[in-house]
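Colleague: Sending over a structure as structure tokens; questions will come in a sec.
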Ligand SMILES: N[C@@H](CCC(=O)N[C@@H](CS)C(=O)NCC(=O)O)C(=O)O
């Protein structure tokens, strides 16, 4: 198999890449990466010392590709699916890149901050940082509410890289920080969840949901399908 994705079915950033691979129907081998296993972690750090997952290995081209946005642009260039993840027109591509960055930096990362804080020992928790993350999410939700009131997908009529970024970010963010009185944000998440590629990613993650630090806050329709 040419493409190997080191990933974990519960890991939100891995979902971003899995959605793109399933959307495109690109064949790949998923290798379960357990960072809690010392040997697996050491091997992973050898490949990419930053230590984040997912990591794509392209054996045919001899490339190790980290960072989800770069992985998706790489796949789009070298293993394109029927529809591009990034539009060819430069201005349209910039808009997609902006909203990919937006979902990663202002939804996904604050969500991670809230989730990982719960994994820390009580004495090492960071209530100030968590409060900042919650405030950041509320700002981001307000922006998504305005934007998605008039769009099917993050950048218009076509499903793109920005939607791959939005899916895991909104899925987990909505569990740890409620939407408030907003309609377009949950409606957009519902549209994302209806895509077969997304449903497949979530079905594969479902057996692991018990390990999610906020498992008790997961709505039954997300937890059980
Ligand atoms: N900017 C990175 C973020 C990846 C990331 O945060 N991955 C998480 C899993 S969702 C991770 O590797 N966590 C393990 C750790 O930080 O030790 C990307 O887009 O690939």
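In case you wondered, yes, glycine gets a Cβ from its N, Cα and C as well.
Pulled the feature table from TrEMBL, pasting it below:
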- 1-83: domain 'GST N-terminal' (DOMAIN)
- 89-211: domain 'GST C-terminal' (DOMAIN)
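I would like each feature placed in context: is it buried or exposed, what are its neighbours, and how far apart are things?
Modeller: For the domain 'GST N-terminal' (1-83), the DSSP-based tally of helix, strand and coil residues reads 34 helix, 16 strand, 33 coil.
Per-residue confidence over the domain 'GST C-terminal' (89-211) averages 98 (mean pLDDT, predicted model).
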